[in-house]
Structure formats: C-alpha cells, structure tokens
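If you check TrEMBL, you get these features:
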TRANSMEM  30-58  transmembrane segment
TRANSMEM  79-100  transmembrane segment
TRANSMEM  112-138  transmembrane segment
TRANSMEM  150-174  transmembrane segment
TRANSMEM  180-198  transmembrane segment
Amino acid sequence: MSISSKSDVDRLGASITTTKHSVYDHSSTLVLISVCWFVASLPLITIGPATVGAYAGITSVLEDQRLDRRHALRTARKQFVPSLVCSVFPTMFAIGTLAFTLEFLTTESALAAVLAIGSLYAAAFSVLVLIPTFVWLSRGVWAGTAIKRGYLWVVSHPTLALTTGIVTLLVFVVTAALTIGFVLLFAAIAFTFHLLVIPDRD
C-alpha cells in the first residue's frame, strides 16, 4: 500500500501523483465511500469509526480493485471504541481553544492567550497524530501500537507529517468551497492520499 522511497520528499511527490491516478481510475467507488463516510460522520462523535471504515474500504479498492464492504464494516466495528476515544481529543482541544480565545477577547488576559495558543497547538498536533493512527487502525493494528506508531511517525517525519496536514487542509478547503464537492470528494481524495503517504511499517 505504501510508496517506498529514499526520502520524504520523494514519498510525498509519488503519493500525490498516485492519488490523482487512483481517484481518477476508481472515481465512482471512491465517491460512494466518501458519501458513506460523510453520512456516517454526521453525528460527529462517530467520525473516528467512520474514518477507519473508510480507510479500510479504500484500501480494498486500491489493492483488490473492488470495494470489500464486509471488510470495511468489520474493521469499523472492531476498531469502534479506540477510534471513538481517540477522536475525542482533538475536539476537546478545539473547544479549549475557542473557550480561551473568547476569554482573551473579553478580558485580554495574557494567561488566556497562552492557553488558547497551547490548546490550538495541541489540537493541530493531535490531528496530525490521528491521521496515521487511524490508518494503522484500519490495517488491523492494535490500538496501543497504532497510537505509538502514529506519534513516532509524526515526530520522526515532522516535515512530511506537517505537509500531509497542509495537503489535507487544502483538500478540505477546496472541496468545502464546492459545497456538494466536499461530500463527494473530500474523503475520496484525502484518505487515498493518507493511505499512500503513510507506510505499512516505519
């Protein structure tokens, strides 16, 4: 699944190129997965399990040229609790960022400003860690190992991890601007890219 390369730059470039070809070649199936992911994520609290299931579904498309629905659903159920728990942390940090920012705007407290910045950093870092963590959960890796690998991947490849986050954000912004495009394309493009850029082992 992963793209072997001599450097993070090579891996990133190859992943982007392969993502474009993969999304084009399997557009109808990947759009279906993207729509299912969006619907399953609507309660928000289920975004973790929905994402893990989408990764598993896209993996079957990329490897077997067909969507293995049973595998995707089975993986989402198996990793439901750990992915649900993991997805809570970015949300908590994001809420903290909003709360401390409002506190700063009201009181102009230096402490509130520091806490707002710290919460924002924690939210961003946790998202970067969760991307590879969810990818490895979708590959059947035990939750503790997946989290450890996710953290180590981010700290071992900070530039690649940050670039992955930026690419994901760009895909989010562009597809969101298209309104319905977000539902149809965000998960298809972003999740395919994640699966390609994050190796099976690192």
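Cβ from N, Cα, C; glycine included.
A Cβ distance under 8 Å defines the sequence-distant neighbours of the transmembrane segment (112-138), meaning residues of its chain 6+ beyond its ends; these are 48, 51-53, 55-56, 59, 75, 79, 82-83, 86-87, 89-90, 93-94, 96-97, 100-101, 103-104, 145-147, 149-151, 153-154, 161-162, 164-165, 168, 194-195, 198. The largest share of C-beta pairs under 8 angstroms with the transmembrane segment (30-58) comes from 180-198, of the ranges 79-100, 150-174, 180-198. Outside the transmembrane segment (180-198) by six or more residues, the chain places 1-3, 11-12, 14-16, 18-19, 22-23, 27, 30-31, 33-35, 37-38, 51, 54-55, 58-59, 62, 131-132, 135-136, 153, 160, 164, 167-168, 171-172, 174 with a CB less than 8 A from a CB of the stretch.
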